[in-house]
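S.K.: Take a look at what TrEMBL says about it:
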- D149: active site, proton donor/acceptor (ACT_SITE)
- N11, E385: Mg(2+) binding site (BINDING)
- K18, H209, L210, G211, N212, G213, D283, F284, R285, G331, V332, G333, E334, N335: ATP binding site (BINDING)
- R92: substrate binding site (BINDING)
- H181: site 'Transition state stabilizer' (SITE)
- R242: site 'Transition state stabilizer' (SITE)
Amino acid sequence: MSVPGSVLVLNAGSSSLKYQLVHPDTGVVTAEGLCERIGDTGSSITHELNGVEVTERILLPDHRAAFERVAALFAEDGIDLATAGLRAVGHRVVHGGRTFFLPTLITEHVMSEIERISSLAPLHNPANLVGIRAAAELLPDVSAVAVFDTAFFHGLPDAAATYAIDRGVASLHAIRRYGFHGTSHEYVSAKAAEFLGRPYGEVNQIVLHLGNGASASAIRGGVPIDTSMGMTPLQGLVMGTRSGDIDPGVVMHLHRVVKLSADQIDALLNKQSGLKGMCGEGDFRSVTELIEQGDASAKLAYDVYVHRLRHYLGAYLLELGSLDAICFTAGVGENAAGLRADTLAGLENFGIIVDPERNTMRSKEVRRISADGSRVEVLVVPTNEELAIARQAAQVVAES
Ligand code: ADP
């Protein structure tokens with residue numbers, strides 16, 4: 001078992017705790033798991049160690065209890081996390097605001113800064129902090145590093161990052177585009193350049209991260225120049241349960257006329273919109289099944305999803321001026337061949353041609369799905385945010 005030197009990567013959500021024990025040099029995953037419905041009576045843990053998976057229903061009143069149980073599951077397999085020689089605990093933190101744009105060793109001061117930024121990401125940062133505190137209590141001697149989802153987009157050009165609203169209000173309240181999924185966009189774009197055998201700094205690409213959350217980015221020579229998510233992860237593409245772009249006037253209307261509170265509108269746009277809002281299913285595979293059964297609302301939801309993707313694709317193509325590669329990643333991007341084909345259909349005049357056979361071949365590796373005559377390379381690049389976080393955390397610890 002390659003536990004010594006591994007990094008425990010933690011991703012704490014409001015009612016979940018995702019974890020992976022991974023070696024940053026080899027990429028070997030010893031264990032991974034997910035605690036769900038924390039704080040609810042139906043809470044459970046799925047834990048997989050060396051390929052053996054166990055699921056247990058267990059009362060997990062809070063994240064501390066969840067992390068304690070995870071540590072106990074490791075201990076049952078002979079791994080004492082406190083003394084196993086972990087190099088670091090790497091925490092995914094959603095919002096770094098303007099403060100954090102590098103992976104950062106966690107101190108009390110860093111924790112209070114993350115808390116301060118929480119007003120920008122009330123659904124995410126508080127949960128991330130709870131995870132950080134739970135791990136710090138149980139593993140006080142292991143260095144902890146925060147890796148921020150916004151970091152990669154820190155240097156977005158002002159013209160892309162600025163909302164066209166009152167300048168005073170924007171600057172007083174730090175209202176601007178931050179961008180998210182940065183760890184994935186950076187990892188995938190670097191992998192793509194490596195696959196193409198070209199220096200990262202010379203490749204212009206559009207990365208489409210399509211998971212439950214979804215975002216697009218335009219990356220010029222390794223430097224992001226635009227991205228679809230905004231001050232929060234609600235903006236941009238259609239997602240599993242999030243609306244993506246919407247006229248802000250709709251929000252006022254929902255408040256004034258429909259009489260929904262801010263919290264109700266927040267829940268509507270974050271949890272009951274997107275694919276789920278349009279057809280009742282937020283999971284892409286379920287949407288596909290509904291379409292196969294002839295469900296018209298699922299077909300419309302799919303069409304809206306593709307329409308929005310093409311909208312961003314077109315915008316980023318022009319912003320970049322010249323394009324070398326389009327990369328599909330995350331659950332939908334890596335697996336839904338039909339969606340990839342529909343998104344890029346009819347773009348031959350732009351030098352974008354998908355090869356139907358390559359597109360439908362299944363693999364866990366980086367692969368080219370464009371036709372030989374396609375000027376733009378179209379790639380499927382499996383993302384690995386955990387490994388990217390583990391590597392960044394290990395590097396910070398090595399340098400500290
Ligand atoms: P998260 O954003 O939670 O990390 P993932 O990247 O795992 O999400 O993506 C989850 C999405 O990927 C779901 O909508 C799921 O239906 C979709 N997905 C997973 N496997 C497939 C598949 N074989 N075909 C189509 N969609 C898939």
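Each residue, glycine too, has its Cβ placed from N, Cα and C.
Automated prediction, rather than curation, is the source of TrEMBL annotations.
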S.K.: Counting distance between Cα atoms, which of the binding-site residues K18, L210, R285, V332, E334 is nearest R242 (site 'Transition state stabilizer')?
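M.R.: If we rank K18, L210, R285, V332, E334 by Cα distance to R242 (site 'Transition state stabilizer'), first place goes to L210.
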S.K.: Which binding-site residues from the set R285, V332, E385 come near ligand 1, judged by a Cβ under 6 Å from any of its atoms?
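M.R.: From R285, V332, E385, counting a Cβ under 6 Å from ligand 1 as near, the near ones are R285, V332.
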S.K.: For E385 (Mg(2+) binding site), just count the other CB atoms lying within 10 A of its CB, please.
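M.R.: Result for E385 (Mg(2+) binding site): 24 other Cβ atoms within 10 Å.
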S.K.: Output the one of D283, E334 that, of all these binding-site residues, has the highest number of other Cβ atoms within 10 Å of its Cβ.
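M.R.: The residue with the most neighbouring Cβ atoms within 10 Å is E334.
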S.K.: Over all shown protein chains, what is the count of other CB atoms within 10 A of the CB belonging to V332 (ATP binding site)?
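M.R.: Here the count is 25.
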S.K.: Do any of N11, K18, L210, D283, R285, E334 (binding-site residues) have a CA within 10 A of the residue listed as 'active site, proton donor/acceptor', and if so which?
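M.R.: Neighbours among binding-site residues: none.
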S.K.: When you rank N11, R92, H181, E385 by Cα distance to L210 (ATP binding site), which of the recorded positions ends up on top as the closest?
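M.R.: For L210 (ATP binding site), the closest Cα among N11, R92, H181, E385 is found at H181.
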S.K.: Where H181 (site 'Transition state stabilizer') and E385 (Mg(2+) binding site) are concerned, what is their Cα separation in Å, rounded?
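M.R.: Spelling it out, the Cα of H181 (site 'Transition state stabilizer') and the Cα of E385 (Mg(2+) binding site) are 9 Å apart.
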S.K.: Under 8 Å Cβ-Cβ from K18 (ATP binding site), six or more apart in the same chain: what's there?
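M.R.: Set apart from K18 (ATP binding site) by at least 6 residues yet with Cβ under 8 Å, we have L10, N11, A12, E32, G33, L34, C35.
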S.K.: Would you give the longest CA-CA distance, in whole angstrom, between residues of K18, H209, L210, G211, N212, G213, D283, F284, R285, G331, V332, G333, E334, N335, the set recorded as binding ATP?
M.R.: 22
S.K.: Could you list the residues of the same chain, at least six apart in sequence, whose Cβ is under 8 A from the Cβ of N212 (ATP binding site)?
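M.R.: Non-local contacts for N212 (ATP binding site): M239, G240, T241, G282, D283, G331.
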S.K.: Least buried of the recorded positions R92, H181, R242, R285, going by other Cβ atoms within 10 Å?
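M.R.: Taking R92, H181, R242, R285 as the recorded positions, the minimal 10 Å Cβ count falls on R285.
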S.K.: Given the binding-site residues N11, L210, and counting only Cβ atoms in the protein chains shown, which has the most within 10 Å of its Cβ?
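M.R.: The largest 10 Å Cβ neighbour count belongs to L210.
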S.K.: Could you tell me which three-state DSSP class N212 (ATP binding site) falls into?
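M.R.: Going by the DSSP assignment, N212 (ATP binding site) belongs to neither helix nor strand, so it counts as coil.
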